[in-house]
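First comes the structure, then the notes that go with it.
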Amino acid sequence: MNTLYLASGSPRRREILENIGYTVIRLPADIDETPYACEPAAAYAVRIACEKKTAAVAYWQQQYPYQPLYPLITADTTVALHNHILGKPASPAEAAAMLLELSGTTHQVLTAVCVYWQGETRAVLQQSDVTFKPLTAAEIAAYIASGEPMDKAGAYGIQGLGGLFVKNLHGSFTGVMGLPVYETVALLQEFGLPVPPFQTA
């Protein structure tokens, strides 16, 4: 079984799964992603990933009278500095403020992954510590002008130009991108599901 449902609009998550060898079918999962007051970043990431799963399953069940045909993956990536959640910037000014906060510091990127298959749900949280070099005002302005920060938690993408700011990474590169490969594959294997590169004929 090399097909998965992905309840995410992230092209990065889709690319990661396709690079492993999966065929990806997108399902919608529209939820309110507003953090609760004083909600810890780790708890927020897990909650959002699981709520996306619930929304995607509900969407499926509205269309069909049977369980999803393939495993469903949802995920949420949260950037946090001192346990303060940095979401997707709503404006260039907000992106600049986030990048200024991250400049010269070590922050956490938490990605929660949820897998649903045959009525059972399993989830995992992966945390990476990312250290930024000190950023100049010119670097921040040029990066914002590129447009890259605007759809990304924490206002940067490690796989793009934002990678130029990363002095050190302790954790998972793909986790910071949005879907930690090791943890995601481990969840699928817990269900007894095959991984395309390692399947036997």
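For all residues, glycine too, the Cβ spot is worked out from N, Cα and C.
As the structure is a computational prediction, the values presented were derived from the model and not from experiment.
Per TrEMBL, the features are as follows:
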SITE      Arg12  site 'Important for substrate specificity'
ACT_SITE  Asp76  active site, proton acceptor
SITE      Thr77  site 'Important for substrate specificity'
SITE      Gln159  site 'Important for substrate specificity'
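TrEMBL feature annotations superimposed on the structure.
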residue	record	Cβ neighbours (10 Å)
Arg12	site 'Important for substrate specificity'	19
Asp76	active site, proton acceptor	24
Thr77	site 'Important for substrate specificity'	27
Gln159	site 'Important for substrate specificity'	16
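Asp76 (active site, proton acceptor) is 12 Å away from Arg12 (site 'Important for substrate specificity') when you measure Cα to Cα. According to DSSP, the residue listed as 'active site, proton acceptor' sits within a strand segment. For the recorded site, Arg12 (site 'Important for substrate specificity'), the DSSP three-state label reads helix. Spacing of Asp76 (active site, proton acceptor) relative to Gln159 (site 'Important for substrate specificity') is 17 Å (Cα to Cα, whole number).
In this structure the C-alpha atoms belonging to Thr77 (site 'Important for substrate specificity') and Gln159 (site 'Important for substrate specificity') are separated by 14 Å. Gln159 (site 'Important for substrate specificity') carries neither a helix nor a strand DSSP state and counts as coil.
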